[in-house]
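Taken straight from Swiss-Prot:
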type	residues	note
BINDING	Thr49, Cys50, Asn51, Arg52, Ser109, Glu114, Gly115, Gln116, Gln120	substrate binding site
ACT_SITE	Cys50	active site, nucleophile
SITE	His99	site 'Important for activity'
BINDING	Gly189, Ala190, Gly191, Lys192, Met193, Ser194	NADP(+) binding site
Amino acid sequence: MNIAVVGLSHKTAPVEIREKLSIPEPQTESAIAQLTSYPHIDEVAILSTCNRLEIYIVAGETDHGIREVTQFLSEHSKLPVHSLRQHLFVLLHEDAVMHIMRVAAGLDSLVLGEGQILAQVKNTHKLGQQYNGIKTILNRLFKQALTAGKRVRTETSIGTGAVSISSAAVELAQIKAENLAACRVTILGAGKMSRLLVQHLVSKGATQISIVNRSRERAQELAKQFSEHPIRTHLLPEMMTVIAESHLVFTSTSATEPILDRAKLEMVLAPNQPLMLFDISVPRNVHTDVNELANVQAFNVDDLKAVVAQNYESRRKMAQEAERLLEEEIEAFDIWWRSLETVSTISSLRSKIETIREQELEKALSRLGSEFGDKHQEVIEALTRGIVNKILHDPMVQLRAQQDVEARRRCMQTLQMLFNLDVGEQFS
């Protein structure tokens, strides 16, 4: 059995490709069901964010498992395999383990050290368990990755003052608009990213903010979190009217198709009316054809790289400190992983000795006859079970604790030969 990850990110694919492969949370259950239906995939977890899609698997035959994931991604995105491959990365076992640790710690993010990814990894773990994709191995891996991510944030300073996608978008808006206080700002959506947008806009001096959302309750709930600021809320049918009165529009909704395009804007904007759109959603909320309109500028998550680069160099040295912590968590997972290959030998040995115990106990009880009371039988049952457990305890502890791979394998082979054990598949 081996761990592998197949994926793409802001490093390997532009947003127009990433949005085709995005798996929104409502589609996670069916995606996991389809992936686990393939013959070579035993476990699966799906991490889908605006900047990455990564599918983690446990497979007996790694090459076959990777091919099955690639086929799934091709069908899901409706992109042929040959054009998809140029954007995909594939990492096997040690590299896959290192990767999820770095992802959880924010070291692989567009915004180095950003904190939102840890919550996204946690949600991936939760959904994987909920929909029966995650079992023993990925459960342990994701728990270790979450521990790594938390340690990096509490034991290093990399998360202090880290920019996020939302703050980078506001930073870009400030560069383009110069004076946010003079701008009428509209935010489409009322989720976590929108909350961060409001937070950063307010800190940069924005005072005229409107929130447009499908649910009035969610929009009002968000506005209440910033009750000291006069934030207006609107429902979706009012969206175009509100946009027509705006200077800046930020989009952060879960829509899977563009909700703004040239035709919609042409209907409400005056000729040559300036408007800047900042789309931090994947899939994108803003169609590329809006750039054909005079005085309309649209920016997406890939346009944030220049803003993020200013922050990167100062955080790179902090990342080196974080990498040392990750090595400790990787080693802890590796020790656990290597102990897995002892499981089949230990299980087989315990099963064989338990069978002998039961057979010999049955013989003894039959000789003692029916007059031998139940209470005495329970005592003898407990006695024999205790003897077996005590005899097996030290050999099993020593076998699991043996960190030298070759020495441990020699011990297992000796046990298998001496006790004539029939063991199943070994972990590699």
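Backbone N, Cα and C atoms are what each Cβ position is placed from, and that goes for glycine too.
For Ser109 (substrate binding site), the nearest of the recorded positions by C-alpha distance turns out to be His99; the candidates were His99, Lys192, Met193. Recorded residues Ala190 (NADP(+) binding site) and His99 (site 'Important for activity') have their alpha carbons 31 Å apart, per Cα-Cα distance. Counting in whole angstrom, Gln120 (substrate binding site) lies 11 from Cys50 (active site, nucleophile) by their C-alpha atoms. Among the recorded positions listed here, namely His99, Gly191, Met193, Met193 has its C-alpha nearest to that of Gly115 (substrate binding site). Among the binding-site residues Ser109, Gln120, the residue whose Cβ has the fewest other Cβ atoms within 10 Å is Gln120.
The most crowded of the recorded positions listed here (His99, Lys192) is His99, judged by how many other CB atoms sit within 10 Å of its own CB. In this structure the C-alpha atoms belonging to Asn51 (substrate binding site) and Met193 (NADP(+) binding site) are separated by 14 Å. The Cβ of Gly189 (NADP(+) binding site) has 26 neighbouring Cβ atoms from other residues within 10 Å, across all protein chains displayed. Distance from the CA of Met193 (NADP(+) binding site) to the CA of Thr49 (substrate binding site) is 12 Å.
The local packing around Thr49 (substrate binding site), expressed as other Cβ atoms within 10 Å of its Cβ over all shown chains, amounts to 22. Mapped onto three states, the DSSP output places Gly115 (substrate binding site) in coil. According to its DSSP assignment, Thr49 (substrate binding site) is coil. Cβ neighbour count for Cys50 (active site, nucleophile): 23 (other Cβ atoms within 10 Å of its Cβ, all protein chains included).
Rounded to the nearest whole angstrom, the C-alpha distance between the residue listed as 'active site, nucleophile' and Gly191 (NADP(+) binding site) is 14.
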